[in-house]
Amino acid sequence: SGKMDVIELFQFWIIPSFYAITVVLGIPLNALALWVLIRKKKSSMSIYMLNLAAGDLLFLLFLPIKIDYHFRKKIWILSGHICIFHIMLFFINFYANLILLAVISVDRYVAIVHPLRISRLRQPKVAWLLCLLCWVFSMINILPVTQVKHFLSYDNVTANNGSSLIVQCYEKFTAEDAAFVMAYRLYLFFAIYLTSLVTALFCYGNVVRVLVMQRGQTELLCRKKKIHAAKITAVSLITYIVCFIPYNSTHITGFIQSKINAFSPNSLLTFRDVALCLSVSNSLFDPLIIYVASSSFRNSIKKMLKCRE
């Protein structure tokens, strides 16, 4: 049917193509950002950005597994252990990134709203400790996914040339696994996503308030610093809206679906995959945040562009 054709177009062509473009653009951008930030004198902001770039780079190096899976019409040809590893790596990075962006919002809040009172929180050793806690917290919260008993699903599909066994990775669940996954996703939505979003909105809301209030007080906050802070705020909030709201909203949509059966399973699955696509684009937004925040990275990009002219 026409509806199935559209779903297949998204699942097997548009989504993997988008992933492929993200890999091609994201790997060199994040590698360059990592190289620049490693050589740079460490500040709290550069340490957070270094962790963003390192996480994105690791994530993008393994994304071809997902690209291949979609191009093969969601037929999994690797082992169950690789399926589990792939899913865990995907979501550890996803939620660590989300938490790191919230931490960056707190860093901006402290720098702009309380520049003198809590300056110790912006020391490099504190930033390294917070990054470590972000990764550990994300790993601990993704570990429960291993409680899913059947990561691989098996279906016998009959076609004109006979029947064949279709293996899929983390797509279809038994009733027991589905109930667990539903509750687990709701937990992730409230415990990590909503908490991070509220933190970011509070911090950036106060940053904007202070920037507006001190608009004419250049002796307190120079114009250049205000513009710089406003740019980081804008890009970070856009990242939250574009990359994280769509996928995390599917947890609520999935819960509603389980109660009142409001959507077709194929449509819901496609919406989740499209939303995941947008979350993956975070690997391109992070270098944009780094570009705005780091003059060293901006200069490196400008030098590269000049060399090509």
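The first residue you see is number 1, and the count goes up from there.
Yeah, the Cβs are placed from backbone N, Cα and C, and that goes for glycine too.
Annotation source TrEMBL lists transmembrane segment at 12-38, 45-63, 75-106, 126-145, 186-208, 229-249, 269-293. The feature domain 'G-protein coupled receptors family 1 profile' is assigned by TrEMBL to 29-290.
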Quiz prompt | In contact by Cβ distance (the transmembrane segment (12-38), the transmembrane segment (75-106); 3 or more pairs under 8 Å) | solution = no
Quiz item: Counting Cβ pairs under 8 Å that sit 6 or more residues apart, are there three or more between the transmembrane segment (269-293) and the transmembrane segment (186-208)?
Solution: no
Quiz prompt | Spatial neighbours of the transmembrane segment (12-38) far in sequence, C-beta under 8 Å, 6+ residues away | solution = 46, 49-50, 53-54, 56-57, 60-61, 63-64, 66-68, 70-71, 73-74, 273-274, 277, 280-281, 283-284, 286-287, 290, 294, 296-297, 300-301, 304
Quiz item: Taking the transmembrane segment (186-208) as reference, which of 45-63, 126-145, 229-249 has the most Cβ pairs under 8 angstroms?
Solution: 229-249
